[in-house]
Amino acid sequence: MTRYIFVTGGVVSSLGKGIASASLAAILEARGLKVTMLKLDPYINVDPGTMSPFQHGEVFVTHDGAETDLDLGHYERFIRTTMTQNNNFTTGRVYEHVLRKERRGDYLGATIQVIPHITDEIKRRIIKGAGDADVALVEIGGTVGDIESQPFLEAIRQLRVEVGSKRAMLMHLTLVPYIATAGETKTKPTQHSVKELRSIGLQPDVLICRSDHPVDVSSRRKIALFTNVEERAVISLEDVDTIYKIPAVLHAQGLDDFVVERFGLQCNGADLSEWEKVVDAKLNPEHEVTIAMVGKYMELLDAYKSLIEAMSHAGITNRTKVNLRYIDSEDIENQGTALLEGVDAILVPGGFGLRGVEGKITAVQYARENKVPYLGICLGMQVAVIEFARNVMGWKDANSTEFDRTSGHPVVGLITEWEDATGAVEVRTEASDLGGTMRLGAQECLLEAGSKVHDCYAKDVIIERHRHRYEVNNKLLPQLIEAGLKISGRSGDGALVEVVEAQDHPWFVACQFHPEFTSTPRDGHPLFSGFVKAALAQHQKKA
């Protein structure tokens with residue numbers, strides 16, 4: 001039977017519930033347990049797919065093609081379980097399902113209410129998402145006291161009663177601020193946060209106290225006294241220099257022992273040797289490179305969360321400190337390529353819309369002409385094709401129909417038909433809804449032997465995740481190839497371009513898929529590892 005750990009947050013948002021939850025999950029997995037994780041988002045959007053990156057941050061794409069919260073990226077980086085569409089749902093998704101049932105008449109004329117209909121649907125989805133795992137950690141987004149969170153908190157209150165105290169526990173993250181002028185940490189915000197929880201029938205079993213200073217024994221004892229939580233279950237979690245230290249921090253305070261004892265689970269001790277190796281490689285690099293990341297959402301770096309982490313992982317696997325120089329593509333449009341001088345490699349990530357595209361194209365041209373290693377992802381591949389068409393082939397009006405529908409050389413256009421991961425045919429038009437209509441999820445890609453990308457993967461066939469609705473225009477592809485553009489990867493059916501490379505260049509690879517979604521700190525990712533190796537070679541050549 002599955003045991004549930006419900007995770008809530010109080011006092012302020014952005015305390016790191018996702019990372020703390022994933023770290024505990026990593027320890028439990030290291031003890032031999034089958035672990036999964038869920039994220040419940042209280043916002044009304046059906047999913048984050050159409051939300052602005054400036055508001056929501058990254059949209060993480062699962063293997064089965066769900067557009068989900070970025071916390072699922074943390075989950076997959078910390079545990080081996082692959083997330084699916086069942087591991088993340090929103091208020092909007094819940095209401096959409098309940099209202100569809102009401103329209104069908106499934107409720108037989110009953111008055112639809114938050115309790116029981118909405119809460120029952122939330123509980124059903126939690127149980128479904130947990131599957132057959134030994135332990136499921138269920139993170140509720142937002143902060144206790146938010147009006148949007150109330151149905152979710154009520155649902156987990158009910159579920160705790162239904163499954164019993166031996167199968168459910170509540171872990172609450174709070175802020176314990178350090179007052180420098182007083183030289184002490186303050187526990188009152190935590191006390192009030194727990195009071196808020198208890199007022200709706202939820203008693204925490206574990207408190208994770210977030211602070212920029214260690215929470216001393218006397219403060220933890222005081223918190224335990226006023227919150228009715230066991231003293232050993234009051235955990236101090238201060239800021240660390242790498243998030244991959246957190247499993248060891250929680251383990252050292254006995255959190256996993258407390259959970260295992262509480263649930264009556266029989267399992268081995270935690271083997272955290274893999275995480276020790278990750279931390280050692282992260283904190284003790286032997287080399288250093290600087291890579292320019294040219295994007296359009298630089299005001300909120302969470303928009304590139306998985307990509308930034310993937311670059312860190314590549315640094316770990318290469319024992320190299322990767323310094324990312326974040327450059328807004330609009331700044332290149334205004335200030336020129338001087339912003340790129342001195343870097344060891346250039347990375348252009350995905351994005352949507354016309355703003356900043358010309359700056360990305362300029363960055364591609366700089367990388368190609370100056371033989372600087374280049375990695376383009378999604379839009380980063382499309383702008384590489386546009387740049388090649390303009391500056392190598394002389395098609396000065398070359399563009400994507402996303403940006404210019406009147407272009408005389410639309411080298412990138414809307415995909416109107418493709419096969420999804422199950423083999424079903426998907427059809428789209430310009431009039432299709434934006435939400436959930438892209439080519440999403442894991443797809444096969446066939447790599448050309450002898451190419452740079454094949455050298456990285458050392459495989460003929462790979463599977464990577466996608467999120468796009470535009471592709472290289474097959475009608476103009478023969479002319480692009482004839483002019484020297486190397487097509488080194490195609491979709492499983494051969495219909496779509498997946499990877500392009502520049503010839504006579506030390507390392508220039510651009511892919512339509514998103515490899516960052518499958519990179520992990522313990523395993524890295526072959527494409528990013530190859531990219532950092534190329535950057536390191538460039539750095540050593542300059543030296």
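The first residue you see is number 1, and the count goes up from there.
Using the three backbone atoms N, Cα and C, a Cβ is placed for every residue, glycine included.
Record check, Swiss-Prot: L-glutamine site residues include Gly351, Leu379, Gly380, Met381, Gln382, Arg469, and the candidate from Glu333, Glu402, Glu482 also listed there is Glu402. Cross-referencing Asp64, Asp69, Asp71 with the ATP binding residues that Swiss-Prot gives (Ser14, Leu15, Gly16, Lys17, Gly18, Ile19) picks out Asp71.
Looking at Thr187, Thr190, the binding-site residues in this record, the fewest other C-beta atoms within 10 angstroms of the C-beta turn up around Thr187. Reduced to three states, the DSSP call for Glu139 (Mg(2+) binding site) is strand. Of all residue pairs in Ser13, Lys186, Thr187, Lys188, Pro189, Thr190, Gln191, Lys222, the annotated binders of UTP, the farthest apart have Cα atoms separated by 23 Å. The Cβ of Ser13 has fewer other Cβ atoms within 10 Å than any other of the binding-site residues Ser13, Gln191. Less than 8 angstroms from the CB of Pro189 (UTP binding site) sit Gly10, Val11, Thr174, Leu175, Val176, Pro177, each of them six or more residues away in the same chain. Spacing of Gln191 (UTP binding site) relative to Glu139 (Mg(2+) binding site) is 21 Å (Cα to Cα, whole number).
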